[in-house]
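Enquirer: OK, Swiss-Prot features for this one:
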type: BINDING; residues: Val10, Ser11, Gly12, Gly13, Leu14, Asp15, Ser16, Thr17, Thr18, Ala19, Leu20; note: ATP binding site
type: BINDING; residues: Cys189, Cys199, Cys202, Cys205; note: Zn(2+) binding site
Amino acid sequence: MSNKKAVILVSGGLDSTTALAIAQSEGYECYTLSFDYGQRHRVELEAAQRVSDKMHVAQHKVVQLDLKSIGGSALTDDDIAVPEDGPEGIPVTYVPARNTVFLSIALGWAEVLNAEAIFIGVNAVDYSGYPDCRPEYIAAFQKLAMLATKVGVEGKPLQIKTPLIDMTKAEIVQLGMRLGVDYSATVSCYQANVDGEACGRCDSCRLRRKGFEDAQMEDPTRYAN
C-alpha cells in the first residue's frame with residue numbers, strides 16, 4: 001500500500017474517472033469523494049460507487065449537501081430545463097459555487113487523512129464554460145488551501161491537481177484507455193434515466209460522444225434512444 005494519499009473528486013463521469021486512474025498511476029492511495037447534492041442526474045452516484053469499487057479505492061465517501069434548496073441551476077431545479085442546443089456563454093447547467101463547495105470539503109477530508117493531494121477532473125478545453133473549471137480558479141483555490149489549512153500554515157500545503165485541464169476530450173479518452181479505464185461503468189449525462197441510459201442530446205453527452213469519435217474509439221455509452 002502506498003504511503004502517499006490523495007482525495008479524488010469522483011462524479012461517476014468520464015473526466016473524474018480518468019483523473020482517478022491518473023492518481024492511481026502516480027502511486028497514490030486513493031480516497032474517492034462524491035456528493036449527493038440534490039442533482040437531477042442522481043444515477044451518477046451509482047456510477048461513482050461502481051467506479052470506486054471497480055478501481056479498488058481505499059475508501060469511497062458520499063457527502064450529503066442540499067444545493068437543491070438554493071436552486072439556480074438546471075441540475076438542481078426541476079423548473080429549469082436542461083438545454084439541448086449548445087447555448088453560448090455560461091449555461092444554466094452551471095451549479096453556483098459547486099466546485100468551491102466540493103473542493104472545500106475535499107480539503108477538510110484530505111487534512112484528516114494526511115493526504116498530499118486532491119485530484120479534480122476539471123477541463124478548460126472541451127468543456128461547458130463553467131467559471132470554476134478554469135486554470136485561474138484552480139490557482140486561486142490553491143492559494144486558499146495554503147492559507148486556510150493547518151498543513152498549509154505549517155509549510156506542507158496540499159496540492160490541487162488538475163491533470164486534465166489542458167487536454168481535449170479525445171486526449172482524455174485516449175489516456176484513460178491506456179490506463180485501463182472501463183468507460184462503460186461511467187455516466188456523464190445531465191438527464192440520464194433511472195437505468196443509467198444517456199439522453200444523447202445534452203451538452204455533456206455531446207462532449208462525451210465527440211471525445212470518443214475524435215479519439216477513434218468505440219463509445220460504450222448506453223443511450224436511451
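Glycine too: its Cβ is placed from the backbone N, Cα and C atoms.
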Enquirer: Cα distance, Leu14 (ATP binding site) to Cys199 (Zn(2+) binding site), nearest Å?
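Expert: The Cα atom of Cys199 (Zn(2+) binding site) is 16 Å away from the Cα atom of Leu14 (ATP binding site).
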Enquirer: Excluding Cys189, Cys199, Cys202, Cys205, please set out which residues of the same chain place their CB within 8 Å of the center of the CB atoms of the Zn(2+) site, keeping sequence order.
Expert: Val82, Ser188, Tyr190, Gln191, Ala192, Ala198, Gly200, Arg201, Asp203, Ser204, Arg206
Enquirer: Please work out the number of neighbouring Cβ atoms within 10 Å of the Cβ of Thr18 (ATP binding site), leaving out its own Cβ.
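Expert: There are 27 such Cβ atoms around Thr18 (ATP binding site).
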Enquirer: CA-CA, which of the binding-site residues Cys189, Cys202, Cys205 lies nearest Val10 (ATP binding site)?
Expert: Cys189
Enquirer: Identify which of the binding-site residues Val10, Leu14, Leu20 has its Cβ surrounded by the largest number of other Cβ atoms within 10 Å, counting every protein chain shown.
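Expert: Max Cβ neighbours within 10 Å, all protein chains included: Val10.
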Enquirer: Determine the minimum-neighbour residue: among Cys199, Cys202, listed as binding-site residues, which Cβ has the fewest other Cβ atoms within 10 angstroms?
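Expert: So among Cys199, Cys202, the binding-site residues given, the one with the fewest Cβ atoms within 10 Å is Cys199.
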Enquirer: Of the binding-site residues listed here (Cys189, Cys202, Cys205), which is spatially closest to Gly12 (ATP binding site) when Cα positions are compared?
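Expert: Comparing Cα positions, the candidate nearest Gly12 (ATP binding site) turns out to be Cys189.
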Enquirer: Count the other Cβ atoms sitting within 10 Å of the Cβ of Ser16 (ATP binding site), across every protein chain shown.
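Expert: If we count other Cβ atoms within 10 Å of Ser16 (ATP binding site), we arrive at 27.
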Enquirer: Out of the binding-site residues Leu14, Ser16, Thr18, Leu20, give me the one sitting nearest to Cys202 (Zn(2+) binding site) by CA distance.
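Expert: So, spelling it out, the nearest of the binding-site residues is Leu14.
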